[in-house]
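Trainee: Below are the structure tokens for one structure; questions will follow.
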Amino acid sequence: MPTETPETRVEAGSLPEPERASGFSLDAEEVSIRGAIRAWFGKLRTGDPGALPSVLGLVVLVLLFSQVSDQFLSAYNIGNIPGQGAYIAVIAMGLVFVLLLGEIDLSAGTAGGACAAFAAVGVFKGSLHDGLPASLYWSIVVGLVLAIGLAIWVKTYAGAVVVAVGLVLVLTNQTQHLVPALIAAVCIGAAIGIFNGYLVAKVGIPSFVVTLALFLAWQGVLQFALSGQPVNTSNYDLWHELTYGRLSVTNSWIFVSVIVLGYVGYTVLRSVRAKAAGLAHETMSLVLTRGAALAAIAVVITAWASQNRNTNPFKVISGIPVPAAIAIVLMIGCTIALTKTTWGRHLYATGGNPEAARRAGIDVVHMKVTAFALCSAFGALGGIMLASSQSSASLDLGSGNVLLFSVAAAVIGGTSLFGGRGRPRDAILGALVIAIIPNGLLLRPSLDAQWQQVITGVVLLIAAAVDAISRRRAARG
């Protein structure tokens, strides 16, 4: 068998068959730019298109609507899209955790709406104790206590701490202040997810049945909490800024610089350490090329966002939209949790094959409870952002098409309905697709608004078909 000399560059997939079969020589494999490209095409051939379908869908929609209306590509209109799709992206990001397990949470939208309503009532009426009916208030308190107990029982200690924070805020009437009220709402969302996960993982009720029942129940709770009257949230600047705020031009450049430099620094350090340890690593040319591409995209977007997008010369609108910044920060955090932690690897393993994961020593119950807790917490945050976009906690907050669009966003972005495959970025890509459709249709009054559901349904069907075909090709090898 020929040996590799130090001068020979070993690319991904270029090792002789005996070496690939043994797997030992792969420890020192060096992945070049060409090797990375070959690996990407290899994934396409084996049925893993990744984010390609959603990116192509975005391109097609942009080209289509740019022909429908000259205003679609205007700076003002493009700047509005993040605010229109941010709440969908956040809820969809939470759903990714559950979908990775091959489960579903149909209550994420209505539960999030109820949590946002709790926050609005607490701030508007002095506290949850004063604003909610006594029976509902004490039901929330008892529910939080039970959620803490369940979380400890299934060893979800971080979830127990989060819910305990919410319990303290509720009992001490801190929900009369906006920030504590919003934090308490997210903590209540986590508690809801713990109950969902327990019923699914421990009791054994199918997630579809559990969350469908709660989808209906939380709509009633929302009506009960608001006492039949919507609560205006536009008077609270921080809440309003979650959708309509913008980073200053200086802060926009600082924001993207930190992200780009952090990414480049991390990938360079990872490559250097792996090479020093004799492990598989990317060449510095690949690392720097990828970093340069990210930097170029970031500079173009930030430079565009730094310009005045308003057609009114007396009011300047510039800077990265706050909802876009929130979605990016959440995506980075979720990506790190899923790809760089033991918990994330266990979540993928559980979604890929629950029985094999259990036999390997992974606590499947813990993984499911944690995933549902995160899903509902993200649902609560999404509900808060939805209330911000509507400027009120309405009587139908989180119901209607919110959940359907959120699930569609995750699937359109590339997350599999069958579990084991998906990334947080899928939620953002899918949410952009979902947000662009009504945005483009509204610019052409002659197009009926009902086309939004038709086009979204067709796009979702195509995404589901791509997922099914990809899995079948992967199974065939």
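Cβ from N, Cα, C; glycine included.
Note that the structure is predicted; figures quoted are calculated from it, not measured.
Just lifted these from TrEMBL, have a look:
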type: COMPBIAS; residues: 1-10; note: compositional bias 'Basic and acidic residues'
type: REGION; residues: 1-21; note: region 'Disordered'
type: TRANSMEM; residues: 50-69; note: transmembrane segment
type: TRANSMEM; residues: 81-100; note: transmembrane segment
type: TRANSMEM; residues: 106-124; note: transmembrane segment
type: TRANSMEM; residues: 136-169; note: transmembrane segment
type: TRANSMEM; residues: 181-201; note: transmembrane segment
type: TRANSMEM; residues: 208-226; note: transmembrane segment
type: TRANSMEM; residues: 246-266; note: transmembrane segment
type: TRANSMEM; residues: 287-305; note: transmembrane segment
type: TRANSMEM; residues: 317-338; note: transmembrane segment
type: TRANSMEM; residues: 400-420; note: transmembrane segment
type: TRANSMEM; residues: 427-445; note: transmembrane segment
type: TRANSMEM; residues: 451-469; note: transmembrane segment
Trainee: Report the listed stretch (50-69, 106-124, 427-445) having the maximum count of Cβ pairs within less than 8 Å of the transmembrane segment (400-420).
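Mentor: Per the Cβ under 8 Å count, 427-445.
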Trainee: So which residues does the transmembrane segment (246-266) touch in its own chain, when a touch means Cβ under 8 Å and the partner is 6 or more beyond its ends?
Mentor: 287-288, 291, 294-295, 298-299, 301-302, 305-306, 317-322, 325, 328, 332
Trainee: Near the transmembrane segment (50-69), which residues from the same chain, at least 6 beyond its ends, have a CB less than 8 A from one of its CBs?
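Mentor: Apart from its flanks, the transmembrane segment (50-69) reaches 43-44, 412-414, 423, 425-426, 429-430, 432-433, 436-437, 439-440, 443-444, 447, 459, 462-463, 466.
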Trainee: Ranking 208-226, 287-305, 427-445 by Cβ pairs under 8 Å to the transmembrane segment (451-469), which is first?
Mentor: 427-445
Trainee: For the transmembrane segment (136-169), could you work out the same-chain residues 6 or more beyond its ends whose Cβ comes under 8 Å from its Cβ atoms?
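Mentor: Tertiary neighbours of the transmembrane segment (136-169) are 118, 128-129, 175, 180-181, 183-184, 186-188, 190-195, 197-198, 201-202, 221, 224-225, 363, 365-366, 369-370, 373, 377.
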Trainee: Sort out the residues at least 6 away from either end of the transmembrane segment (181-201), same chain, that have Cβ-Cβ distances under 8 Å to it, and list them.
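Mentor: Distant contacts of the transmembrane segment (181-201): 103, 105, 107, 111-112, 115-116, 118-120, 122-123, 128, 140, 143-144, 146-148, 150-151, 154, 156, 159, 162-163, 165-167, 169-170, 174-175, 207, 210-211, 214, 239, 364-365, 368-381, 383-384.
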